[in-house]
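Chemist: Following this message is one structure expressed as structure tokens.
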Amino acid sequence: EARRQRRLLLVVVCVALLLDNMLYMVIVPIIPDYIAAMRGGGDTAGPSAPAGGNGSGGGNRSLLPARYPPASGGNEDVQIGVLFASKAMLQLLVNPLSGTLIDRVGYEAPLLAGLAVMFLSTATFAFAENYATLFAARSLQGLGSAFADTAGIALIADRYAEEPARSRALGTALACISFGSLAAPPFGGVLYEFAGKRVPFLVLACVCLLDGLLLLVLAPPGGTGARANMPVGTPIHRLMIDPYIAVVAGALATCNIPLAFLEPTIANWMKDSMGASEWEVGLTWLPAFFPHVLGVYVTVRLAAAYPHLQWFYGALGMAIIGASSCLVPACRNFGQVIIPLCGICFGIALVDTALLPTLAFLVDVRHVSVYGSVYAIADISYSVAYALGPIVAGQIVHTMGFAQLNLGMGLANVLYAPVLLFLKNVCQMKPSHSERNILLEEGPKGLYDTIKMEDRKG
């Protein structure tokens, strides 16, 4: 029964992550109407504007390019860039609070609250008629994601405490993230074309409601008293200064910078440099979904066979990302540009799938096995990249050039890869030694810690 329950909870979390990314990307075919409205009712056949995702894990990352209005409308470009970055910005601000709250109240209640906020955000998108309402809905989604994504990933790490089951479960969640990013634009485009603007959002809102109801049935928040038996989690500020966790967080942020910065810039570069058509620009990132899933699968299998090499899989992924990013400006046609983009997504899959379970292991062996704050740190790492991307990337291209942007991102990943050597001996750490030191250092904070202290003395 417990095994079946945790599988169903994994389904709930995967659906939540899928919905978050679909909601993030489903506005792709609808944005041109709002752009036309802001232009005063001009041509509605303007460029579409997919948004970049954020991280969890985890986070919220997209696999499709963002295409913003031409550079002629300066203030309008700023508005669109801020709109797409607003989710990651709010997520970045809320994550420290959400991680602390998750550690205090458990995983189920924040996950349910996040699903409720996402439901409200989806409904707001359905009935939005102006930029202000769109901005409010986008920001509201960031608030929901800060709770749902972090609590969901932490819940997976808690329920799948043993390896390699934990890596498989987190890998499944990452695959749902990429599938949501892939499926949302055609899903939204077809329904928008034949059923109207509101229908895609109403469908997603219904799925979100059903997911929340399933969570209520499986694990009613506060209904089982499970929180009373949980230890007191390590404060997030202490986790942030842990050198091992800091190295992992830096890797997660660095590896997602190429994706976050390419999404709002590559479409215009393709049109200017190779005369790419609209369908080519729209399909640029679609093939990258398959190497992303392949990277998840390969890393899970390798981690099961050679768990002590998790750091190497992450370093290899960053090297692949760096090399692929440097190759992008050298491409001269649509077929060539797909290859380095697939390499970037394959590398990101290696890094995420290897390092997300490593975060949980570090908490197990160096702190207390409560995972809300540590996955809030991971979400902060993703959010940093995706909050800056829609606003900063275009300005960098304008002042320095597209080639320089890619070379800089590639060099950053290649230089950071050796830093993961710092994690080489993580697998040799012993949980009991760290847990004993923390309990003796801080003293008992609850029933769980008091019992553990008495056991140590006995």
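These residue numbers are counts, starting from 1, taken along the chain as shown.
The backbone N, Cα and C atoms fix where each Cβ goes, and this holds for glycine too.
Worth saying up front: this structure is predicted, and the values here are computed from it rather than measured.
According to TrEMBL, the protein has these features:
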type     : residues : note
DOMAIN   : 9-428    : domain 'Major facilitator superfamily (MFS) profile'
TRANSMEM : 7-31     : transmembrane segment
TRANSMEM : 109-128  : transmembrane segment
TRANSMEM : 140-157  : transmembrane segment
TRANSMEM : 169-187  : transmembrane segment
TRANSMEM : 199-218  : transmembrane segment
TRANSMEM : 239-262  : transmembrane segment
TRANSMEM : 282-304  : transmembrane segment
TRANSMEM : 311-331  : transmembrane segment
TRANSMEM : 337-362  : transmembrane segment
TRANSMEM : 374-397  : transmembrane segment
TRANSMEM : 403-423  : transmembrane segment
Chemist: Which residues of the chain, 6 or more past the ends of the transmembrane segment (109-128), have a CB below 8 A from one of its CBs?
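Modeler: The answer is 12-13, 16, 19-20, 23, 27, 98, 101-102, 134, 136-138, 140-141, 143-152, 155, 197-198, 201-202, 204-205, 208-209, 211-212, 215-216, 221-222, 372.
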Chemist: Please work out whether the transmembrane segment (311-331) lies in contact with the transmembrane segment (239-262), by counting C-beta pairs under 8 angstroms that are 6 or more apart in sequence and asking whether there are at least 3.
Modeler: yes
Chemist: Compare 7-31, 169-187, 282-304, 337-362, 403-423 by their Cβ pairs under 8 Å to the transmembrane segment (239-262) and return the stretch that comes out on top.
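Modeler: By the under-8 Å Cβ criterion, the transmembrane segment (239-262) pairs most with 403-423.
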Chemist: Is the transmembrane segment (403-423) packed against any residues at least 6 beyond its ends, judged by a Cβ distance under 8 Å, and which are they?
Modeler: 243-244, 247-248, 250-251, 254-255, 257-258, 261-262, 265, 310-312, 314-316, 318-319, 321-326, 328-329, 347, 358, 393, 396-397
Chemist: Average pLDDT across the domain 'Major facilitator superfamily (MFS) profile' (9-428)?
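Modeler: Averaging the confidence scores along the domain 'Major facilitator superfamily (MFS) profile' (9-428) gives 82.
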Chemist: Counting only CB pairs under 8 A, let me know which of 140-157, 199-218, 374-397 has the most with the transmembrane segment (337-362).
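Modeler: The listed stretch sharing the most Cβ pairs with the transmembrane segment (337-362) is 374-397.
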Chemist: Determine which residues of the chain contact the transmembrane segment (140-157) at the Cβ level, with the cut-off under 8 Å and only residues 6 or more beyond its ends counted.
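Modeler: Residues 9-10, 12-13, 16-17, 20, 23-24, 54-60, 86-91, 94-95, 98-99, 101-102, 107-108, 110-111, 113-118, 120-122, 124, 166, 169-170, 173, 356-357, 359-360, 371-372, 374-376, 378-379.
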